[in-house]
Amino acid sequence: MKMYVQQLFQEKPLKILELLFLSLFILALPSLEAPKNIFLAGFILIALWNQFQINKKPSWSAWDWIFLLFITSSLLSAIFSGIHNGDEWDGFRTILFIISFGWVMSRANYQKNQILSLFLMSICSAFLALIFAWYELNISHARRLLELHSVGHVNHSAIYLTTIIGASTGMFLSLKSYNLKHFKCTALFIITMLFLIAIAIQASRIAAAVSFLTIAILITTLLNTNKIKIYAFLSLITFVCFLFLINSNIVKRTMTTFRDDMKNEYSKNYTLPQKLLGERTRVWRVALEASQFNPLLGIGNKNWSKLTPQMIQNHVEAKGKIFNSEDYFLSKHSHSLYLTAWVERGLLGLSAVLIMMIFWLRELISDYKRIKKSRELIYLWSGALSAWMSIFLNGIFNTSFQHENALLALFFLSLYLIAKKN
């Protein structure tokens, strides 16, 4: 961090301002709503200006096309939305803001110590946000669940921590040695364990599963000797067993939800997988019907909230089918990144999500063999992998690519793309 400050003040004034806004943004991201948006806007504007001054004829990469496709699909969905006079333009502005951040940051250039410091800031800011969340839950009682202040809903907070868990694990595994007598090693180990405990308290089953899977992949791919891998996996298994032993929140919620879903009247004719999915089965039926309203461009960004049971009933009956209200449940969102994209932005919007997912994964796989040559690439690759896992695996069951979670994921992706250019 000392080197970061020294290098910061060696930069040109506008570059200093760019890094300052980016640093403040990542520190505020999980905790401070209004300041976060101010810092984000400041970073985008200054970074754009700096990039234009350096290169007035910038090169164009595959990632530029992906970001452009994402924005274009959202814009067309707003213009030709299947539901008019809704929130389609507000939704477009949100997507424009988020994707513009990833686009602009991915084209930036930072030095190694600056990248390291930004990466550490993201972990520290999440840790501080978690401490405040614990305070709001247990002392001030401002919240009933363990939720990061700016991220909000417990499932979204769990997705945020899932991304951070992989990043902190990657940073830990990139160390020269795993001697807990060293402060940095001990701090990273404790912080990562606290993040895992928080996930267990939040009782988000999908986020917990993705977190453990991410750690398992990082252990398998990044550790060199089988002996260390065995110790690492034994530690992970011990932690999971401990959660069952103390009957933790996530274990209780899983068992209770499973038992209730098996008994629900509406699910008596469901298959076992449908019963395990619970109400998502009925929510996804709504999404599949709504996706047919405007198949190519969708009903409009954020217009899921404008759907009504009558719309679904009319569409089902127009096909000559009998509408059974117990087969459908209109929740606040579709509980799926992919169905949300399909319903709100149509097949074009869904294509943008899938193309981003594929190219992101391709980037990670193609670079796997060379990451061990650099400790820097190890933790940056881990952060980008964790972000991919958190967004696209959680996205099967949750609307994961929105607001803070999308911004954090693009932050880690961009840091990795920047490092690859150096």
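Glycine is no exception: its Cβ is also placed from the backbone N, Cα and C atoms.
Features of the protein shown, as given by TrEMBL:
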type     : residues : note
TRANSMEM : 12-32    : transmembrane segment
TRANSMEM : 62-83    : transmembrane segment
TRANSMEM : 118-137  : transmembrane segment
TRANSMEM : 157-175  : transmembrane segment
TRANSMEM : 182-200  : transmembrane segment
DOMAIN   : 192-353  : domain 'O-antigen ligase-related'
TRANSMEM : 206-223  : transmembrane segment
TRANSMEM : 230-250  : transmembrane segment
TRANSMEM : 346-365  : transmembrane segment
TRANSMEM : 377-397  : transmembrane segment
TRANSMEM : 403-419  : transmembrane segment
### Message
At a C-beta cut-off of under 8 Å, are there same-chain residues at least 6 beyond the transmembrane segment (206-223) that contact it? List them, or none.
### Response
155, 158-159, 161-162, 165-166, 169-170, 173-174, 196, 199-200, 229, 232-233, 236, 240, 250, 368, 372, 378, 382, 385-386, 389-390, 393-394, 396-398
#### Entry: Residues of the parent chain within Cβ reach of the transmembrane segment (230-250), under 8 Å, 6 or more residues beyond its termini
193, 196, 199-205, 208, 212, 215-216, 219, 223
### Task
Count the Cβ pairs between the transmembrane segment (157-175) and the transmembrane segment (377-397) that lie under 8 angstroms and are 6 or more residues apart in sequence, then report whether there are at least 3.
yes
### Task
Using a Cβ distance cut-off of under 8 Å, indicate which of 12-32, 62-83, 118-137 has the most pairs with the transmembrane segment (346-365).
62-83
